[in-house]
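Report on the structure given below.
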Amino acid sequence: MKAVVLGAAGGIGQPLSLLLKANPAVTELALYDIVNSPGVAVDLSHIATPAKVEGFLPPDDGLKKALTGANVVVIPAGIPRKPGMTRDDLFKINAGIVRDLATGIATTAPKAFVLVISNPVNSTVPIVAEVFKKHGVFDPKRIFGVTTLDVVRASTFVSEVLGDHSLSLSVSVPVVGGHSGVTIVPLLSQSSHPLPASLDAAAVDVLINRIQFGGDEVVKAKDGAGSATLSMAYAGAEFAGKVIRAVNGEKGIVTPTFVNLASDKTGGDALRKEIGKNLDYFSAPVELGVDGVTKIHGLGKITPAEKALVDAALPELSANIEKGVAFVEVPKL
Ligand SMILES: NC(=O)c1ccc[n+]([C@@H]2O[C@H](COP(=O)([O-])OP(=O)(O)OC[C@H]3O[C@@H](n4cnc5c(N)ncnc54)[C@H](O)[C@@H]3O)[C@@H](O)[C@H]2O)c1
Ligand SMILES: O=C(O)C[C@H](O)C(=O)O
């Protein structure tokens with residue numbers, strides 16, 4: 001099991017690489033960045049776990065060497081937000097970074113599972129997909145936008161509302177839609193642990209808003225020094241760990257992730273009908289198997305208020321997706 005981190009020397013990249021090195025199912029770990037990745041790799045290589053670690057820089061075909069034989073590629077490369085910025089403001093720099101890295105994956109490791117962390121996720125995932133289409137290697141089952149941090153935040157904030165932090169490991173809330181502001185839609189009515197009956201509508205709105213804008217809370221607290229890195233590394237390692245377990249044959253793993261809906265075979269069309277819009281991407285609970293997505297689950301039973309949140313997410317989500325697709329021109333046959 002070869003895992004590759006692109007952007008491995010960054011705020012997310014380093015702790016994420018540490019957590020992947022700590023995963024005993026990973027036997028090879030390649031770290032690529034435009035700076036510092038060899039040092040990070042040597043540091044991690046002293047940890048007594050199975051993964052053989054190597055670091056690569058752009059010279060001497062570093063990207064190609066890092067990606068050769070990759071099973072899982074995680075992409076946290078790109079700039080983070082500063083206070084006052086939206087995730088979409090990162091597009092002008094990160095779109096090109098993600099396009100170029102995706103080109104490397106499409107040409108060197110086209111069968112790898114690609115886990116996109118770089119923001120704006122609602123646009124960078126379509127960019128990766130379009131690059132893969134351009135190279136004739138697109139498989140919608142293998143490209144994922146990592147929305148796990150929204151799920152992790154929902155577990156944490158709901159357990160806080162329940163007044164018991166120790167519940168956070170077992171509280172599970174599906175979060176659907178996309179990964180920015182109002183496109184993040186927590187389905188609190190499906191929480192594994194129901195909210196207290198005493199919680200009034202205003203308090204529920206506060207909770208929803210906190211899950212949707214949790215990223216801003218970190219950006220504000222870091223005061224110009226970036227956005228979530230450690231919680232994202234935790235979330236990214238958790239999602240990568242699930243993909244690795246599924247690839248290694250474990251059945252029944254279901255987790256929300258932002259995926260392509262174009263394939264009817266996995267349930268994309270049914271979800272499109274449910275949301276009432278012909279979107280090509282959406283985050284929903286997805287079942288994972290040895291070949292990636294085996295089933296995209298529907299939204300299940302949602303309340304009218306949750307339906308209104310889904311409806312409110314659609315215009316921004318749709319615009320973000322179109323922007324990503326338009327960035328990579330796929331020649332029409
Ligand atoms: N999906 C999510 O939930 C989520 C959560 C947090 C952050 N993010 C996003 O993750 C990205 C990274 O955040 P960070 O805090 O780690 O930023 P960072 O600036 O600390 O690290 C980014 C790293 O990417 C590297 N990089 C830049 N261009 C590269 C290229 N062409 N090839 C390889 N590496 C390259 C940089 O050298 C740096 O080491 C940001 O876009 C951020 O918005 C997403
Ligand atoms: O908020 C950000 O810009 C980073 C990330 O998307 C997050 O949700 O923390």
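Glycine is treated like the rest: Cβ placed from N, Cα and C.
The shown structure was predicted, so the numbers you read here are calculated from the model rather than taken from an experiment.
The annotation active site, proton acceptor is assigned in TrEMBL to HIS179. The NAD(+) binding site feature in TrEMBL is assigned to GLY7, ALA8, ALA9, GLY10, GLY11, ILE12, GLY13, ASP33, ASN94, ILE117, SER118, ASN119, MET232. For ARG81, ARG87, ASN119, ARG153, the entry in TrEMBL reads substrate binding site. The domain 'Lactate/malate dehydrogenase N-terminal' annotation in TrEMBL covers 1-145. The domain 'Lactate/malate dehydrogenase C-terminal' annotation in TrEMBL covers 147-328.
Feature map: TrEMBL annotations on the structure.
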| residue | record | DSSP (3 states) |
| --- | --- | --- |
| GLY7 | NAD(+) binding site | coil |
| GLY13 | NAD(+) binding site | helix |
| ARG81 | substrate binding site | coil |
| ARG87 | substrate binding site | helix |
| ASN94 | NAD(+) binding site | helix |
| SER118 | NAD(+) binding site | coil |
| ARG153 | substrate binding site | helix |
| HIS179 | active site, proton acceptor | coil |
| MET232 | NAD(+) binding site | helix |
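Counted within 10 Å of its Cβ, the other Cβ atoms near MET232 (NAD(+) binding site) come to 23, all protein chains included.
Separation of the C-alpha atoms of ASN94 (NAD(+) binding site) and ASN119 (substrate binding site): 7 Å, rounded to the nearest whole number. Largest Cα-Cα distance over the residues recorded as binding NAD(+), namely GLY7, ALA8, ALA9, GLY10, GLY11, ILE12, GLY13, ASP33, ASN94, ILE117, SER118, ASN119, MET232, equals 18 Å. When averaged over the domain 'Lactate/malate dehydrogenase C-terminal' (147-328), pLDDT in the model lands at 97. Note on proximity: of the recorded positions ARG81, ARG87, ASN119, ARG153, HIS179, the one nearest GLY7 (NAD(+) binding site) is ASN119, by Cα distance.
Cβ environment of SER118 (NAD(+) binding site): GLY7, ILE75, PRO76, ALA77, GLY78, ASN94, ILE97, VAL98, THR124 lie under 8 Å away, each six or more residues apart in the same chain. All chains included, 25 other C-beta atoms sit within 10 angstroms of the C-beta of ARG153 (substrate binding site). The binding-site residues ALA9, GLY13, ARG81, ARG153, MET232 include none with a CA atom within 10 A of the CA of the residue listed as 'active site, proton acceptor'. Across the residues annotated as binding substrate (ARG81, ARG87, ASN119, ARG153), the two Cα atoms farthest apart lie 18 Å from each other.
Residue environment of ASN119 (substrate binding site) contains 27 other Cβ atoms, counted within 10 Å of its Cβ in all protein chains.
Sequence-distant neighbours of ALA9 (NAD(+) binding site): residues of the same chain at least 6 apart with a C-beta under 8 Å from its C-beta are LEU31, ASP33, VAL35, ASN36, SER37, GLY39, VAL40.
Filtering GLY13, ARG81, ASN94, ASN119 by Cβ distance to ligand 2 (under 6 A) retains the following binding-site residues: ARG81, ASN119. Taken in sequence order, the binding-site residues GLY7, ALA9, ASN94, ARG153, MET232 that lie near ligand 1, meaning a CB under 6 Å from one of its atoms, are GLY7, ALA9, ASN94, MET232.
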